[in-house]
Amino acid sequence: MIQNVGNHLRRGLASVFSNRTSRKSALRAGNDSAMADGEGYRNPTEVQMSQLVLPCHTNQRGELSVGQLLKWIDTTACLSAERHAGCPCVTASMDDIYFEHTISVGQVVNIKAKVNRAFNSSMEVGIQVASEDLCSEKQWNVCKALATFVARREITKVKLKQITPRTEEEKMEHSVAAERRRMRLVYADTIKDLLANCAIQGDLESRDCSRMVPAEKTRVESVELVLPPHANHQGNTFGGQIMAWMENVATIAASRLCRAHPTLKAIEMFHFRGPSQVGDRLVLKAIVNNAFKHSMEVGVCVEAYRQEAETHRRHINSAFMTFVVLDADDQPQLLPWIRPQPGDGERRYREASARKKIRLDRKYIVSCKQTEVPLSVPWDPSNQVYLSYNNVSSLKMLVAKDNWVLSSEISQVRLYTLEDDKFLSFHMEMVVHVDAAQAFLLLSDLRQRPEWDKHYRSVELVQQVDEDDAIYHVTSPALGGHTKPQDFVILASRRKPCDNGDPYVIALRSVTLPTHRETPEYRRGETLCSGFCLWREGDQLTKCCWVRVSLTELVSASGFYSWGLESRSKGRRSDGWNGKLAGGHLSTLKAIPVAKINSRFGYLQDT
């Protein structure tokens, strides 16, 4: 039976590879038809704003002030949130923003915002900002942003209606929004842990003291009185207005270090800790925390008080902004060093160095395209949150794609394929007669895999990162004509459903650990993205979906694919495949309907 299934599937895969060109042509034609059918569709929460940049909107360089841009962004996003909620909304946070392009006088700013996903009373709004030159008709991407808004009603508690995504892009954003929300909820604790665990070497002793600027010289303090024009229809201060004031004092602090007009390149998350109303006095404080070779970090905090006689001030916001100084060719210039004050100044100095490392790790892991990220990424405490996020979001985004092609169907097990650039992805699904929570329990603990999957010889738990993330060392038998067995170092991230209709997720990807380097007795394998998604279909019914990504040339050369680990031996692009026949894996998956979770051992047991 297994051999017959394997033969059928191998023939199906051979058909997939031999007819790749015709499938791609048919897929393009289908996409063109779908686009034509959906030309009239527009997201009901989408809000657009277009503003002509006037001299009153610009800074000393004749470019649009980032503070003014932040106000426009916040207004557009708030209107989108209120369109969905049907009631007033307030800004809760704004994720990290990286500015790719500046905007000059006479150009147009086009801002588009739409709700990606709604939770109980909060929602994530995605914002895209582009600039347009009316004379040359050229357009540039300026930045992307993600904001969280909270719906507010005075009498009843808000329960937001759910978003129903329609397009592929909407499905991807909707799926990943839950993981981004997870990151935001633990953001403060994550930063504290990372800063506590990151050993940042001090280099103050090796720096040229003649070029040092005392940090105290960059300190700025400014007070603002919140007036009715600064507030929304609820009397709360506009989040965008507070962000604009913060950008203003940060720019002054940066200018005092470099004695030039700096350019803001990035903002770390704005998090509104409390509200501010008309009549409040806001005290904004800024100081340069650290100066690197071509950039500097400025820390800003905002405190509010109601009356001059009040002794207690409310901390309502903090942010860290990265500035550069550009020359005539728009290249960053060298900056003078900063000399921090003893005590808190030295603490801020080292924390800024840690945050820089975190930003680089985050940008490398999260922002890079799939083709730019190596199969294995080094794991350490400074990037664990972003590796887990990338692990889960990559799998969710792959599952959400709507251009999968049905390649084969055998005994109600469907195999889909998707070719994209140099990657060929597989998507296998079937309905199993087992509760989704039980299937999730079985599949999420890799230590139980050798009990029911013959391609897992041994699994060792290397590190329990947190409740839902763990790193395993996996070995598999020597297959495919190789004399050496393979081993893998795998980050496994599991997620329970965030809401009704969400899947259980088990995401796998390779990482590297200094404690588990390559050894002569094993061929080190790597996996880019693979895992399971499980949907509850009814009482004791679960739709089980397994997905993985492979390099196209390896699949074409070998004609095989593996169940849980798509491997490539390090340094050998034409080798390293396990050579596992699909029939064995299909029979393993089909065994789930006649299985149960053993409460004592936790593995799949035939009934």
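Cβ coordinates come from backbone N, Cα and C, glycine included.
Since the structure is predicted, the reported quantities are computational estimates derived from the model, not experimental observations.
Take the CB of Thr91 (CoA binding site) and look out to 10 A: across all protein chains shown you find 24 other CB atoms. The CoA binding site annotation in Swiss-Prot covers Thr91, Ala92, Ser93, Asn120, Ser121, Ser122, Arg181, His271, Phe272, Arg273.
The feature domain 'HotDog ACOT-type 1' is assigned by Swiss-Prot to 43-155.
Taken from Swiss-Prot, the feature domain 'HotDog ACOT-type 2' applies to 216-329. In this model, the domain 'HotDog ACOT-type 2' (216-329) carries an average pLDDT of 93.
Positions annotated as domain 'START' by Swiss-Prot, on the basis of sequence analysis: 375-585.
Residues annotated as phosphoserine in Swiss-Prot: Ser15 (among others).
Annotation comment: Swiss-Prot describes Ser25 (among others) as phosphoserine, evidence class similarity to another entry.
Feature annotation from Swiss-Prot assigns transit peptide to 1-13; the stated evidence is sequence analysis.
Classification of Arg181 (CoA binding site) by DSSP places it within a helix.
Neighbour counts of Cβ atoms within 10 Å were compared across the binding-site residues Ser93, Ser121; the minimum falls on Ser121.
Set side by side, the binding-site residues Arg181, Phe272 differ in how many other CB atoms lie within 10 angstroms of their CB, and the most is found at Phe272.
Secondary structure by DSSP for the domain 'HotDog ACOT-type 1' (43-155): 23 helix, 53 strand, 37 coil. Largest CA to CA distance in the CoA binding set (Thr91, Ala92, Ser93, Asn120, Ser121, Ser122, Arg181, His271, Phe272, Arg273): 19 Å, whole number.
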